[in-house]
Number of protein chains: 2
Amino acid sequence: MAESMNGLKRSHRCGELSLSNVGETVTVMGWVAKQRNKGGIIFVDLRDRSGILQVIFEESDAGAEGFAKAEKLRSEYVVAVVGKVEKRAGAVNENLATGEIEVRASQVRILSEALTPPFPIEEESKTKEELRLKYRYLDLRRPDLQSKIILRSKITMAIRKFMSEEGFLEIETPMLTKSTPEGARDYLVPSRVHPGNFYALPQSPQIFKQLLMCSGYDRYFQIARCFRDEDLRADRQPEFTQVDMELSFVDVDDVIAVNERLLKFICKDAIGLDVQLPIARMTWQEAMDRFGSDKPDTRFGMELVDVSKTVAGCGFGVFTSALENGGSVRGINAKGQAEMPRKKIDALVEFAKGYGAKGLAYLCVLPDGSYKSSFAKFMTEEQLKALVEAMDAEPGDLLLFAADKNSVVWNVLGGLRLELGRQLNLIDNSKFNFLWITEFPLFEWSEEENRYMAMHHPFTMPMEEDLAMLETEPGKVRAKAYDIVLNGTELGGGSVRISDDKIQERMFEALGFTKESAYERFGFLLDAFKYGVPPHAGLAYGLDRLVMLLTGADSIREVIAFPKVKDASCLMTEAPNVVDQKQLDELGISINPIEEKE
Amino acid sequence: MAESMNGLKRSHRCGELSLSNVGETVTVMGWVAKQRNKGGIIFVDLRDRSGILQVIFEESDAGAEGFAKAEKLRSEYVVAVVGKVEKRAGAVNENLATGEIEVRASQVRILSEALTPPFPIEEESKTKEELRLKYRYLDLRRPDLQSKIILRSKITMAIRKFMSEEGFLEIETPMLTKSTPEGARDYLVPSRVHPGNFYALPQSPQIFKQLLMCSGYDRYFQIARCFRDEDLRADRQPEFTQVDMELSFVDVDDVIAVNERLLKFICKDAIGLDVQLPIARMTWQEAMDRFGSDKPDTRFGMELVDVSKTVAGCGFGVFTSALENGGSVRGINAKGQAEMPRKKIDALVEFAKGYGAKGLAYLCVLPDGSYKSSFAKFMTEEQLKALVEAMDAEPGDLLLFAADKNSVVWNVLGGLRLELGRQLNLIDNSKFNFLWITEFPLFEWSEEENRYMAMHHPFTMPMEEDLAMLETEPGKVRAKAYDIVLNGTELGGGSVRISDDKIQERMFEALGFTKESAYERFGFLLDAFKYGVPPHAGLAYGLDRLVMLLTGADSIREVIAFPKVKDASCLMTEAPNVVDQKQLDELGISINPIEEKE
């Protein structure tokens, strides 16, 4: 039977006590992390969100009744303790912030008893994630998980403080909105009042924030929940949180400048990290050429080298036919890995195939200067030497080459570079390498749709100097778009938006829209832009990912209090779930009979 | 054709300039609010979110091209102007913060042309709301509406600042969650991955915040979007925003104390209002007895008087039969209204009927001391005199009486009091009367379900001193629940929660639940509470309503950027709307054929 606090007031959190409190009578409350009886003295580790505190019970201080209660305490009981802070009699516990003191209990109340948890509440839990997610309310007690959720709260507060000081207004946009057939799959919400009609949950506040610029709000931000009904990859959630912003009367450099200050502020505030400004910038073209990725991890080298010119006209058909088809031959140099066992090299070839390569050519420059290679026999000694030189290779190096159209070569070598970086332990985990990627292509060619698609979205502004090519060479037009990358992960991205309706029309034409079909899709935004629209630009961060990186978490599920799993369900609440027929009737919808699988 | 900013950078917002900037060359950007040519000088009122600035164009400064552009300017064009700040040559405009200065333009760029808006962008717009909501992006340009949206942003920032300084963590809870059959109607979201299953959008984060207490987060808050699929009354929205909080190891007084500091902080920060602490408290019983309402507007008197004892045994059957049936007879005194025309009194009687009264008895104490009354003939002179005395009435007063069971009498006289307060202009609109209502009944009797229902929710803690009556006289048990009221509007409410499973069991029993049915409904929360739960309590505010009151708005639609109308639709986006059949097929749902109305 639980006791009530009955007027007791907590004076301190557990972790707030230190040597400076010695001699004070305090009242602390929390969960029993451990209880042990050692020679007639009961030691209790008391835990709350601030830390762990050692409480000792002796009958002389706690009285017979208090001591008897202390004997009954088990893990996860909730107790209130009144006692005196003392310098620790035993050895100082250096693992605890409160390790130099203890509280000698004079009074104890059991506020709640507890069953034995289905798994131990401990840091770096070995319990499998499914069980922990089912009992998420217990898993959330783990101090290492708690510290991440607490840091997330600190980070969002820092963001808001900064944005508000920079004149951004936080404005809420609707969650029950209209389905737009562009982009990812929408979550739909049936309307009861308008049977047969549906709201959609927002994939982002994009259109609303552009409207707010049109309405003169000048600087908007929002930490907004967004929804995408996509099949979940490792680090995706059906609902996720976006730090969303939009600014009027600005160009690329203005957006970058304010976001650099934001990132510096957050990093300092949240994890005490000094970010040096300005953050490095790299064009999309350079990022692809050097790292085979538009979100390069620059914490290590092993950059791509274009050897197309060097191997042009060599006898190796894989290389030359790639070149003839307009592609390229590029390589990376795995320094000192010449003696990598064949089995491991074969595994790399398989890895590369997973990234779209037909194969992977390798050349080991052995310590004695001789070569072991999959393709040496197709080349002259001179050609091989030129290739080795082009790759800046020394005896002991392993060279890996891909030959295909550029997009495949980049993808393969970009992936391989990261894989080798991990395998060979080349990545300095203490580094926080921020990087802007700029000048993205405006379009990407879709084989599937046989037309150009907007790489960002159809409202992205082309670079002025490329405007003339919009009709003639759309593939070469660069956009006023930018991504911010941290250690090889895209934290966020954005663009300057088109605010000139003539350019917007040309953009839609380039995308293959008629005026009518464009209007059908983006009607009320286009309407709005007829009544005076300022130049504007914006950016959005994935908050879950940002917090994951700053807290050093392995997964976004560690920085979300109640995450969902891969099939988009919540193991704790068992959502989604069946509902009453009455609810469906009110909404005027029916569940389709399940088709038999053939 | 719009011009680009082309490197121009804004130096100031319009409203930021003052006499101290005289002589500076500035670059301002904004919307043309007005343009007029007066004797070869063009005057432009330039508007941005900070205010309005007068810009003057003369050919001598702006050049022929610049002047020609200025001539072309029309309302809502977006322009950039470079010019020099000067002391105003003409009369100071005292309506403008920038009324002492003007900017003499040397350069102008037209960043965007504009069609003539469908209604004028002006303060206190007379345009009907439907049209303004369709063009919400234009309506949102009105300075009076903008100032409310801006103040909302300021208020939420103040809330977050305060909460964070008081050790509250902002923790996001899921939007895609499980439907609970208790409470209002849920918005449902069909699951594509689990056909036939549905998520529900949260009506509040109640269960999640209690779980967070169970997980040791100690102090939680969130400014959270909530959803209720109810038929909308005047000031309801299908999605609304709640300032939600929960605290561990606290009792009623702790929650009240922190919220008083919060309210004081917000009011000071947002509208410069000093709230005197402590805020007055009133028990639910006293509020009903004195004001006939659990959210009394205490800005004026006209309190209810219980005259049951005075009229007991009188000859007026309406009074005596109400008393015989366990009800009461109560009245209000409309001071000085004895000569109210019969027609107006009749209208009050009709008004009272709308609140559930069978009728309304009145007694005018005429200036000469004689009575005009609907019931005087049933009473002796002595009885009437006693009644007049009990009502503290003087010649010239109008007394209005209701006789019925208490709940009806309170409702009728509470409503009538507010109506008379408005009609007679008794309400001092400069007052901000905060008030705590405490000691709510734990249960209310439901005629419909023929059982007691939880007045707040089934996890609300009874007052310790009433625990013994839980089984014997549940109707008399008071709850540890509290509401905060401002000027007759409920701003928020909350309670201490049950954290003792024995009391929780008794509570469910009193509500007529079996153990099994309770578990079916509230399973994972009850599970969680088996593993050690701290005493905890919380409170939630309706943010939209709070902002409405603090900004002096007439409707919550004025403090929501993109609100919905009564039928839960958005006139701008036309959500909800039809969706592609493909989307429904993927979700495995069908729309029921519409039944013919008979």
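Cβ coordinates are placed from backbone N, Cα and C, and glycine is handled just like the others.
Record features (TrEMBL):
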type	residues	note
BINDING	A:Glu182, A:Arg228, A:His456, A:Arg497	L-aspartate binding site
BINDING	A:Arg228, A:Asp229, A:Glu230, A:Gln237, A:Glu490, A:Gly542, A:Leu543, A:Asp544, A:Arg545	ATP binding site
DOMAIN	A:151-563	domain 'Aminoacyl-transfer RNA synthetases class-II family profile'
REGION	A:206-209	region 'Aspartate'
SITE	A:Gly90	site 'Important for tRNA non-discrimination'
Using a 10 Å radius around its CB, how many other CB atoms surround A:His456 (L-aspartate binding site)?
21
Within the domain 'Aminoacyl-transfer RNA synthetases class-II family profile' (A:151-563) only, compute the mean pLDDT.
94
Given the ATP binding site residues A:Arg228, A:Asp229, A:Glu230, A:Gln237, A:Glu490, A:Gly542, A:Leu543, A:Asp544, A:Arg545 in the record, what is the largest Cα to Cα distance, rounded to whole Å?
21
Using DSSP with the three-state reduction, classify A:Arg545 (ATP binding site) as helix, strand or coil.
helix
Return the count of C-beta atoms lying within 10 angstroms of the C-beta of A:Arg228 (L-aspartate binding site), excluding that atom itself.
19
Please report how many Å separate the Cα atom of A:Arg497 (L-aspartate binding site) from that of A:Glu490 (ATP binding site), as a whole number.
20
When the Cα-Cα distance from A:Glu490 (ATP binding site) is computed for each of the recorded positions A:Gly90, A:Arg228, A:His456, which gives the smallest value?
A:His456
Taking just the CA atoms, what is the gap between A:His456 (L-aspartate binding site) and A:Glu230 (ATP binding site) in Å?
18
Out of A:Glu230, A:Glu490, which of the binding-site residues is least crowded by other Cβ atoms within 10 Å?
A:Glu230
